[in-house]
Amino acid sequence: MRGHLNLTEVKKADDVPDCTLKAVAQTLRTSSSLKVSEDGKKVGRSTKLLEPEELIEQLDSRTIAASPLELNVQREALEAFFGQYAKVNSVRLPRHVVQRKYFCGTALIEFSAVEDAQTVLEQSLVFAGAELELKPKKDFDVIREKEVEEFERNRSITTSNGSNAEEKHPKGLLVAFKLKSASAGDSAEQNGPDEKKTAEMKMTKKVDDKHGSPIDKVVEKENKSSISIYKDDMNVVLREDLKDVFKKFGTVKYVDFRIREDKGYIRFEQPEAAQKAHAASVSAEGGLVVKNFIANVEPVTGVAESEYWSLLRGNQGKHRVGNHFHWRGGKNYRGGKRGRDGENGSPGGRPNEAKRARA
């Protein structure tokens, strides 16, 4: 105001010219939210300030949550995008609950009016190639609170076991996928080998029986020969097929999958790659195409992520965890149940898992 009224040289309020004071006071009196004293020297609110709880309620009602977004998304880009539909007051990028230096993938967009927020929530929007999931901030807060509780509970358990409370394992590198038939839409039932291929497998087993350790040798032989046998079979998905699809999002560290299963895990080298894979799956028609199947992709976070890495280390460096986790599907995948001992990939399973090659 000093600069606007050319009062930069004025040091005291009493030195402001009366004509300027009266002009400003007269202008302020036209405001519906301000009141001015008779002498024009004092100004205040005409209405009482809301209580903090009421202010927060108003703020939340004007704010929506948008996901999935890449880790390197820019506030300016989101403000410009949502600004096409309504006036945006602010954009916030909350951090991941566990690894605080990373963006959690969900942005909070505050609009200038409750009506604007409701209008945007009803839209079907696509940002950076991914169809956005839009929800009220209150729904986001509920999910966030559960994630925090999970993290605190897991940290408490880890601490009680005498381990470091901040578990040292990579964050955000893991996605789970489930295969569905592209034609039927049901869970994938990949065709097994035909009669000729079955005979070849039986012959391999007979030969290996003569040299001892038949189970290990047959599985190792099957792993080596499966690429050549099923490479062109569109009804059988191989780890190599999955790697070819997912590597376009970033470096694939390992494909945790066994032939003829309908679910598995992809471990990336960078968390950005996992974000991109999930976003691409959401934006695609039901998922990513892998031969004659559709792969539905979900990120693995929270307790499930911690358990996955713990199991991996508990298996003395084996690359595969496999069916130790059961697919729970849906959005915000953060959990997994343990399988029974003896299932593929569980601690009681076959001892030859260490022979599986790195992708």
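Just so it is clear, glycine is given a Cβ too, placed from its N, Cα and C backbone atoms.
What TrEMBL records for this protein:
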COMPBIAS  193-212  compositional bias 'Basic and acidic residues'
DOMAIN    62-147  domain 'RRM'
DOMAIN    221-345  domain 'XRRM'
REGION    184-212  region 'Disordered'
REGION    322-359  region 'Disordered'
Between 0 and 100, where does the mean pLDDT of the domain 'RRM' (62-147) sit?
90
Taking helix as H, G and I and strand as E and B in DSSP, count the residues of the domain 'RRM' (62-147) in helix, strand and coil.
27 helix, 25 strand, 34 coil
